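Written below as structure tokens is the structure these notes are about.
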Amino acid sequence: MKNAVHFGAGNIGRGFIGKLLADAEVEVTFADVDAPLVDQLSHKQEYKVKVVGTECQIDTVTHVTAVNSASEDVIDRIVKTDLVTTAVGPNVLDIIAKTIATGIAKRFAAGNDKPLNIIACENMVRGTTHLKGEVYKHLDESLHSKADELVGFVDSAVDRIVPPAEAANDDPLEVTVESFSEWIVDEQQFKGEIPDIAGMEKTNNLMAFVERKLFTLNTGHCITAYLGCLKGHRTIREAIEDPSIHAEVKQAMQESGEVLIKRYGFDRDMHNAYIEKILGRFANPYLVDEVDRVGRQPIRKLGANDRLVKPLLGTIEYGTENKTLLKGIAAALKYTNDTDPQAVEQQNSLKEVGVKKTLATYTGLAENSAEVTQIETLYNQL
């Protein structure tokens, strides 16, 4: 395998997926709508990644280029490529689906019958399966059976904290990432040969890993942010080093962890060690990760399949403790940020219809449920 088209040349794209692909000697073409970024990447054809942890190192990623994702160039690349990956954010998948569909149709028309694998690397459950549904809406029905045969839509779970670049840095392409990374793919969904990429782990039980990451890293991260905001902390590190927040975030992750242990049979001691590792990652002194970055888009994060309500539904299913998860949801409702449209919309909803109706709308929980009543009580105490 030689070539990949990666949608999304942002920090995750460059600092995580693009880097792993390039390290595996894959030639990566980034596709993005940010014209200055595309120009710089296509001109320099390399960038630096600062990996920070107990030891810091700077790696140079080479053999990369970039095209505008709204251009014909990206479609021509899809015709010939071996792999398509994305790190664009869940909301943008629907936008790029048409481009991918056009590329697949043109690929078939050009007589390229080699398998093509597509992996969406997003913070969403079964994101690639969602993308497939959107791509097929734009793909002529006569091509669906051929696409079923030749195009693998491979779901994945991804985990690496990549904060925005520091404003003081004069290299706009440099990106800072933590040393930890996890990219797990569903080996059952590939077509043809599975690419050999160091750092890409294969599993036949992806949902266990998707939910482990969602219920632990994502749940803990956003509760750290929302509790941190309430106490005036600016960064995730400041918030998690506050003893009361640390204790509550750990408790919330243990509550969601109980669901994982019951659902997937995870070993309790190993899962507790995973929780401790994540708490350590939040406290990484080399990562400046602002609570507003982690807390933004609260409406999406309160969705029934997302990081707060999905583990809560699991605790209801198994009859296990959930008081700290409920507090995390109450804290999410308290989140204010004038620059985030979802935060503004949420605050307007709370003013207009109150806590219970807002919760029912965003979470799908019944307005008269015990959980919604408890969240309202906690909200009024915060």
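Residue positions begin at 1 at the first shown residue.
Placement of Cβ uses the backbone N, Cα and C atoms for every residue, glycine included.
These come from Swiss-Prot:
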BINDING   A4, V5, H6, F7, G8, A9, G10, N11, I12, G13, R14, G15  NAD(+) binding site
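DSSP assigns G8 (NAD(+) binding site) to coil in the three-state reduction, placing it in neither a helix nor a strand. According to its DSSP assignment, R14 (NAD(+) binding site) is helical.
When Cβ neighbours within 10 Å are tallied across all protein chains shown, the highest count among the binding-site residues G8, G10 belongs to G8.
In this structure, the binding-site residues H6, R14 were compared by how many other Cβ atoms lie within 10 Å of their Cβ, and the smallest count belongs to H6. Of all the binding-site residues listed (A4, I12), I12 has the fewest other CB atoms within 10 A of its CB.
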